[in-house]
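Q: Input: one structure, supplied below.
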Amino acid sequence: MSETNTTDAKTVPAEAEKKKEQSLPFFKLFSFADKFDYLLMFVGSLGAIVHGSSMPVFFLLFGQMVNGFGKNQMDLHQMVHEVSRYSLYFVYLGLVVCFSSYAEIACWMYSGERQVAALRKKYLEAVLKQDVGFFDTDARTGDIVFSVSTDTLLVQDAISEKVGNFIHYLSTFLAGLVVGFVSAWKLALLSVAVIPGIAFAGGLYAYTLTGITSKSRESYANAGVIAEQAIAQVRTVYSYVGESKALNAYSDAIQYTLKLGYKAGMAKGLGLGCTYGIACMSWALVFWYAGVFIRNGQTDGGKAFTAIFSAIVGGMSLGQSFSNLGAFSKGKAAGYKLMEIINQRPTIIQDPLDGKCLDQVHGNIEFKDVTFSYPSRPDVMIFRNFNIFFPSGKTVAVVGGSGSGKSTVVSLIERFYDPNSGQILLDGVEIKTLQLKFLREQIGLVNQEPALFATTILENILYGKPDATMVEVEAAASAANAHSFITLLPKGYDTQVGERGVQLSGGQKQRIAIARAMLKDPKILLLDEATSALDASSESIVQEALDRVMVGRTTVVVAHRLCTIRNVDSIAVIQQGQVVETGTHEELIAKSGAYASLIRFQEMVGTRDFSNPSTRRTRSTRLSHSLSTKSLSLRSGSLRNLSYSYSTGADGRIEMISNAETDRKTRAPENYFYRLLKLNSPEWPYSIMGAVGSILSGFIGPTFAIVMSNMIEVFYYTDYDSMERKTKEYVFIYIGAGLYAVGAYLIQHYFFSIMGENLTTRVRRMMLSAILRNEVGWFDEDEHNSSLIAARLATDAADVKSAIAERISVILQNMTSLLTSFIVAFIVEWRVSLLILGTFPLLVLANFAQQLSLKGFAGDTAKAHAKTSMIAGEGVSNIRTVAAFNAQSKILSLFCHELRVPQKRSLYRSQTSGFLFGLSQLALYGSEALILWYGAHLVSKGVSTFSKVIKVFVVLVITANSVAETVSLAPEIIRGGEAVGSVFSVLDRQTRIDPDDADADPVETIRGDIEFRHVDFAYPSRPDVMVFRDFNLRIRAGHSQALVGASGSGKSSVIAMIERFYDPLAGKVMIDGKDIRRLNLKSLRLKIGLVQQEPALFAATIFDNIAYGKDGATESEVIDAARAANAHGFISGLPEGYKTPVGERGVQLSGGQKQRIAIARAVLKNPTVLLLDEATSALDAESECVLQEALERLMRGRTTVVVAHRLSTIRGVDCIGVIQDGRIVEQGSHSELVSRPEGAYSRLLQLQTHRI
């Protein structure tokens, strides 16, 4: 995995460079708005226009008031009257702004939430409508989860309040022009002339950022897939000590994202710097001509002030509107990916109106001259002129070598794929012409690897028939021999099964899958190795149940184990893409052809006892009751108690608390900011440089304010020579400030981007490292679903960067501006400054109330969206099951249900936020009115001057904007605080099984002597269900030990405990006489090889999957391991050989091929201890025969633990242990145990023998 993923990560830049910039037209982001949304957007836009226009109107009034100040300095009574009148106008204006800003914020926020909820629904609906081939080639689970969790949030950011914000600033710009033209049209015209330069700088910045954003998203999506794979297959990663491989691959993948972040920082610094620089120089030009016009008598100081200030604020607003372009660019790039899927028309249409329904289905299926290759490997032909007929009501078995195309027959009948040529007919009608939903309603499917969803047992069975009654569900479960073990669970049918059914044994999962298919009561039954995971007792009863349910139905049985199909109506043998033999068992045996050869191969591995089938039912029924029912009930601590609650911590974080493990409760650490700074210590030089840049940027605002206030005073000079001299002086200051702004903004944003990107990368690496340090039991919990964790990994680190790195930059800048402004104000006029200081708490309180209104919703929204990511991830990863059971609408319904919480809360949130924002605006205008009135009062008393009051007032306006901007960052800072808490809850968790324990003894070599001594064990997720009680087992070094017993008896638990996935509650698990808890876990696992029942492969090449077994494996070593596992032959036959990608979770390979690669991986590891959990269950007879010999060679001289349902595969082991009721009830060699006819092993053997 590591090599391929590393290579992929390195090729990302080249691919990204070649890719054309992909972005959606902005208006198309609103494609999912309904009439109410349009009304909300209209009202919100109207509010934004009024709100935006208020500032130029304020300056119009202010300019007239300045004239009242300047022209009435000799008539103090008239001056106070004029100022008081305009102060009242400011209060009225504040009320208008209060209501308009409320409408702007409330309507746009709520509309954005509504539209994105519709987008999420439409996106998942479109994903689920795609044909299965799409998921083989174009979509990975990690990509879908990333889109649902991250891309939709980017779109929401782009179409919510930021649109209102953009309209608001654009209105300020346009209204500024209007007011400017009314006041002094020549100055306004001059202002218009310089705007294109400002717009060009901003547009170039936005264009550059769009390209970088698109590439960055693609790059991180690749990294997210690597993380999701590692977490989803954590048992394989742990077993092969692959944590560092996963981390290295992930690190390599995000390295390119890091470099793109640096570029984005430079682009932002240069973009904003140039925008403000050009704006400053433009203001200098306007100021110069304003002085000329005043001296020529073409205007006065008040009108010039109004025109200039309107132009300046208009220009600044244009620049501020550009700050939203970054969010729009990200939204467009994310929207493109979403809309690409939404608009993609699947090859196989699911539309109910597309196709016809048959009045009656008999079930005759015919393949006529079918040629087929998988879309992912079009050059590898599976079928050539393939012909086969499945008669109505008959059972036909399809057999052949692993990879011969048996399961492909099932996929084509289900219409997961369409043939390249030829026809597939149902009752003489080509299935392409039938409605897809109708077709699949007639078919019941049980796969080789059962796919369950992370919900209750009841809900999983109900996928077969959503409207089924409880009686029907229990009948289906009883028929599948599942009812007995389900009813013994504390919560029965309401028990949660965990992600992919991880809380159940393989047999239990398969029985639930069979119950699901039986509930459907289909006309056609497709059984793809449906009983392969069952123990002898369960298989016997389930096989009888299947025999009953098969009566009267067209049944297609795909089988490796030929003993299960001897009584079918017909058997078809597939070789090299064609049917080479058909007939009954007896007919084919008599031919001594391909089928007879397969039988001989299977007999070589020990299945020789073909008793009279007529005795099967009576004997199995009698014998099934002799086994303890309890032993069938629970695997591994099977199912967890799903009970959990939500609570709000003291710091406002929403927490999910498992009742089974309350000690896991986490809160955002109180000192998280200090810890985050410490975590960021390697970037201190960059942080300091960024801080210096922020401080330098912070001086720009006060400098502008001071020069501006001085210019107002200059406009009332009666000495025109002094006016000209001073104007020239201030113009040069503005030009210098423009050049200064470019450097200051570049230093600020570039260095803070380096700090932020490095912090994000480090946090992501540390989080994944911490996640992969947790014990396996942690991953068994619902809240640690792989899709949820992958989404958390993607968003939390980005939120930390946004809230901390990026926002520290703005806060430092604004705080510098605030401090500088107040120092200047107190020096100029301390009385007015004191009043300003007195009004600030009112302004801050209003904004703080807004912050509090937002704080309570972050947790709810994040939690609900995380759950939607989990549902989407499950739906995609189990897409074949979803498609086969027409469960798209059910998945979509669950998805929409989880979206209701944020939708309901968003209404209240938007209203509250809008109201409090409006209140803060009213406080601002009220404060300004009070200050101006008080200033006029001081002037009238002779204790201050017109110049001082205006200077302090202008400083107030600039400072208030800085405070407002700082406080407006509250939502992002709150979200970042939540994310920091989430990050540290992951980093701080103390794993219960530390793989890197410094005090543990390193393991250089082991003999392989294993002992379980008085072990009590229950799974952490279900501590009340004991798997082992006083369990004792000794396995001598170099010997082979088989473990048998009923499904759920705890066989796989032995292997899990040897791997130390879990620790015992009491007693010891010892290797070479040492408690394994005292041994270094990673060095111990290097000595152990594991092959699981369901092989876990990574989305890499075949070569990399095998090489995963040994660091630095050579090509010859990989090929030798593949030969030993009987995999070299089929691998060599592929066009790309060992470089063939296996697809996500090995989807491009058959079950047998996947298992052989997994075995080759274990062979390459060359372990001292070998753990085989049904290692050959997925193989056909020929492959199993060769592979069994390879395994026997591999087992020589090694301690081997074999978990087996098929007793024929373990007759040659040194010792066999029978597990029942949490203990070893019988132990000995095959011959010794067979000599005890009433023993547990003999009963199991009789069951298995007589089912044949």
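Including glycine, each Cβ sits where the backbone N, Cα and C put it.
Dumping what Swiss-Prot says about this protein:
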type: BINDING; residues: ASP136, TYR374, SER376, GLY405, LYS406, SER407, THR408, GLU529; note: ATP 1 binding site
type: BINDING; residues: TYR276, TRP283; note: brassinolide binding site
type: BINDING; residues: ASP780, TYR1019, SER1021, ARG1022, LYS1051, SER1052, SER1053; note: ATP 2 binding site
type: DOMAIN; residues: 41-330; note: domain 'ABC transmembrane type-1 1'
type: DOMAIN; residues: 365-601; note: domain 'ABC transporter 1'
type: DOMAIN; residues: 687-975; note: domain 'ABC transmembrane type-1 2'
type: DOMAIN; residues: 1010-1246; note: domain 'ABC transporter 2'
type: CARBOHYD; residues: ASN5; note: N-linked glycosylation site
type: CARBOHYD; residues: ASN641; note: N-linked glycosylation site
type: CARBOHYD; residues: ASN758; note: N-linked glycosylation site
type: CARBOHYD; residues: ASN785; note: N-linked glycosylation site
type: CARBOHYD; residues: ASN814; note: N-linked glycosylation site
type: REGION; residues: 965-1252; note: region 'Interaction with FKBP42/TWD1'
type: TRANSMEM; residues: 42-62; note: transmembrane segment
type: TRANSMEM; residues: 88-108; note: transmembrane segment
type: TRANSMEM; residues: 163-183; note: transmembrane segment
type: TRANSMEM; residues: 187-207; note: transmembrane segment
type: TRANSMEM; residues: 274-294; note: transmembrane segment
type: TRANSMEM; residues: 308-328; note: transmembrane segment
type: TRANSMEM; residues: 688-708; note: transmembrane segment
type: TRANSMEM; residues: 732-752; note: transmembrane segment
type: TRANSMEM; residues: 822-842; note: transmembrane segment
type: TRANSMEM; residues: 914-934; note: transmembrane segment
type: TRANSMEM; residues: 949-969; note: transmembrane segment
Q: Which state, by DSSP, holds SER1021 (ATP 2 binding site): helix, strand or coil?
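A: In three-state terms, SER1021 (ATP 2 binding site) counts as coil.
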Q: Could you round the CA separation between ARG1022 (ATP 2 binding site) and ASP136 (ATP 1 binding site) to a whole angstrom and send it over?
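A: ARG1022 (ATP 2 binding site) and ASP136 (ATP 1 binding site) have their Cα atoms 36 Å apart.
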Q: Count the Cβ atoms, other than its own, that fall within 10 Å of the Cβ of SER407 (ATP 1 binding site), considering every protein chain shown.
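A: SER407 (ATP 1 binding site): 20 neighbouring Cβ atoms within 10 Å.
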Q: Mind checking which of SER376, THR408, ASN785, SER1052 has the fewest other CB atoms within 10 A of its CB? They're the recorded positions.
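A: Among the recorded positions SER376, THR408, ASN785, SER1052, the lowest count of other Cβ atoms within 10 Å belongs to SER376.
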Q: Would you work out the biggest C-alpha to C-alpha distance among ASP136, TYR374, SER376, GLY405, LYS406, SER407, THR408, GLU529, the residues that bind ATP 1 according to the record, and give it in angstrom as a whole number?
A: 24
Q: Per DSSP, SER407 (ATP 1 binding site) is which: helix, strand or coil?
A: helix
Q: Where, among 42-62, 88-108, 308-328, 822-842, do we find the most CB pairs under 8 A to the transmembrane segment (187-207)?
A: 308-328
Q: Measuring CA to CA, name the entry from the binding-site residues TYR276, TYR374, GLY405 that ends up nearest ASN758 (N-linked glycosylation site).
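A: For ASN758 (N-linked glycosylation site), the spatially nearest of the binding-site residues is TYR276.
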Q: According to DSSP, does SER376 (ATP 1 binding site) sit in a helix, a strand, or coil?
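A: Note: SER376 (ATP 1 binding site) is coil by DSSP, not helix or strand.
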Q: Quick check: in three-state DSSP terms, what is GLU529 (ATP 1 binding site)?
A: coil
Q: Among all protein chains shown, how many Cβ atoms are found within 10 Å of the Cβ of TYR374 (ATP 1 binding site), not counting that one?
A: 19
Q: Return the stretch with the most CB pairs under 8 A relative to the transmembrane segment (822-842), choosing among 688-708, 732-752, 914-934.
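A: Of the candidates 688-708, 732-752, 914-934, 914-934 scores highest.
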Q: Just how spread out is the ATP 2 site if you go by the largest Cα to Cα distance in Å among ASP780, TYR1019, SER1021, ARG1022, LYS1051, SER1052, SER1053?
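A: So the maximum pairwise Cα distance among the ATP 2 binders is 18 Å.
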